[in-house]
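Novice: Just lifted these from TrEMBL, have a look:
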type     : residues                                                                                       : note
BINDING  : ASP28, LYS33, THR84, THR120, GLU154, LYS266, ARG333                                            : NAD(+) binding site
BINDING  : PHE151, LEU152, ARG153, GLU154, LYS207, PHE252, LEU253, GLY254, ALA255, GLY256, GLY260, LYS326 : substrate binding site
ACT_SITE : CYS263                                                                                         : active site, nucleophile
DOMAIN   : 319-420                                                                                        : domain 'UDP-glucose/GDP-mannose dehydrogenase C-terminal'
Amino acid sequence: MTVIGTGYLGATHAACMAELGHEVRGVDVDEAKIERLRSGDVPFYEPGLEEILRRNLDNGRLRFSTDYREVAQFAHVHFLAVGTPQQRGSYAADLTYVRSVISDLVPLLEGSHLILGKSTVPVGTAAELQDLADLLAKENTKVEIAWNPEFLRESHGVEDTITPDRIVLGLRAGSEAEETVREVYASQLEANTPFIVTDRQTAELVKVAANSFLATKISFINAVAELCEISGADVKALADAIGYDDRIGRKFLGAGLGFGGGCLPKDIRAFMARAGELGADQALSFLREVDTINMRQRDRVVQFAREESGGNLLGTRITVLGAAFKPNSDDVRDSPALNVAGQLSLGGAAVSVYDPQAMANARREFPTLVYTDTVEGALEGAELVILATEWKIFRELDPERVAGLVAKPVIIDARNVLDARAWQDAGWRVRALGRSL
Ligand code: UDX
């Protein structure tokens, strides 16, 4: 099989499919990325991936190429794993990369081929790509486009691919591709992974619906957190209490700075945009509120910081702990942490940032912030500390020791992960979203 697009999703998928025993070719137009992957170097931070990549390069099951001609001949099953970012100046998904894979690959194919879309796309895309493929395919060549959405979480990419919680496959009427897909995922199916075979539209919608639900759950608890704060209640205890109801569940009720990353924000926007195109914008208008609540968390943390700086950020030395959009990742796409750091800096604060993995990406995005090599270096002389991404090393900071480094012991726990009492006992003034401490 081939995996086209070797970003977080594609590189992980390619390496894990090889790990499961398949012969895999990973393809990308980015020469530099392919060169790094060939040498066993993962171009991003994903725990456990490098080991699998190297093992399967060594045993020869996994190879990488930039040549579509070579991969067109190599396999009959092709995974489409390129990005579908938010379009500039609009909420809609940008399908340029998805379409260009079809126009570059399909004219080179001969015989019978199955293209399995993994990228998150607006409903109706698979059918559109099928029309394009039918137009471009050589005579006597059959190319089928099916949709097989990917649910992997960054930083858990390997386990989510090898042991997914479900496999979804969307096929056109009369398709015979299910058997092929059963072979691809034989080991997962043997382990009784739920396998939902449906039409292409449902498969496309499953992915955006899942991410929209997760985003809604986070914004729900963040909205309730605002009420908790005003009324003197505690959102963590509240989330624990409602989470015991297994219809609700405790996961994704972590109140704080909210969601970011390359998926949730752009997926809810693309879902709204597509609903509008289909004349159903009212059905999803609540997602605008989900988005607004989420963005407001960033402003609220900046407002806390302003209050702690005596009403004016100018010149205040602020340390932001975390730049990645979540822990165990180096991804800073739409990162709440970096957004807050950037806003504080634009407001005149002297901002120092530390992240265990995301420093290079953060520096590229926001070159004007000060980046320190160590967490201690970042904390030295701070008048305010903001915990913005809940990395383990931040959760485990010793409040007594840190109090000796900073100029003023004030911390905003924007992820609600610290033991507030222990920090207060060590002399800290602690603020958190959704808790009156
Ligand atoms: C998400 C989906 O979980 C995954 O299934 C899909 O394939 C891709 O999008 P990912 O973007 O890797 O995965 O991140 P996820 O772990 O879902 O976290 C998303 C964001 O929500 C992070 O910024 C995280 O900090 C935030 N979050 C998560 C909260 O603010 N509170 C929570 O309780 C949980």
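Cβ atoms are placed via backbone N, Cα and C, with glycine included.
How buried are the listed features, and what sits near them?
Specialist: The Cβ of LYS33 (NAD(+) binding site) lies under 8 Å from the Cβ of THR6, PRO43, each of which sits 6+ residues away along the same chain.
For GLY260 (substrate binding site), the count of additional Cβ atoms within 10 Å of its Cβ stands at 23 [all protein chains shown].
There are 27 other Cβ atoms within 10 Å of the Cβ belonging to CYS263 (active site, nucleophile). CYS263 (active site, nucleophile) carries neither a helix nor a strand DSSP state and counts as coil.
Mean pLDDT for the domain 'UDP-glucose/GDP-mannose dehydrogenase C-terminal' (319-420) in the predicted structure: 97.
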Novice: Anything within 10 Å of LYS266 (NAD(+) binding site)? Look among the binding-site residues PHE151, ARG153, LYS207, LEU253, ALA255, GLY260, comparing CA atoms, and list what you find.
Specialist: GLY260
Novice: Count the residues of the domain 'UDP-glucose/GDP-mannose dehydrogenase C-terminal' (319-420) that DSSP assigns to helix (H, G, I), to strand (E, B) and to coil, and report the three numbers in that order.
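Specialist: Per DSSP, the residues of the domain 'UDP-glucose/GDP-mannose dehydrogenase C-terminal' (319-420) fall into 33 helix, 18 strand, 51 coil.
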Novice: If you count the C-beta atoms lying within 10 Å of each candidate's C-beta, which of the binding-site residues LEU253, ALA255 ends up with the smallest number?
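Specialist: Sparsest of the binding-site residues LEU253, ALA255 by Cβ contacts within 10 Å: LEU253.
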Novice: List every residue in the same chain as ARG153 (substrate binding site), at least 6 positions away in sequence, whose Cβ is under 8 Å from its Cβ.
Specialist: ASP160
Novice: Among the recorded positions LYS33, PHE151, ALA255, CYS263, LYS266, name every one whose Cβ is found under 6 angstroms from ligand 1, counting any of its atoms.
Specialist: PHE151, CYS263
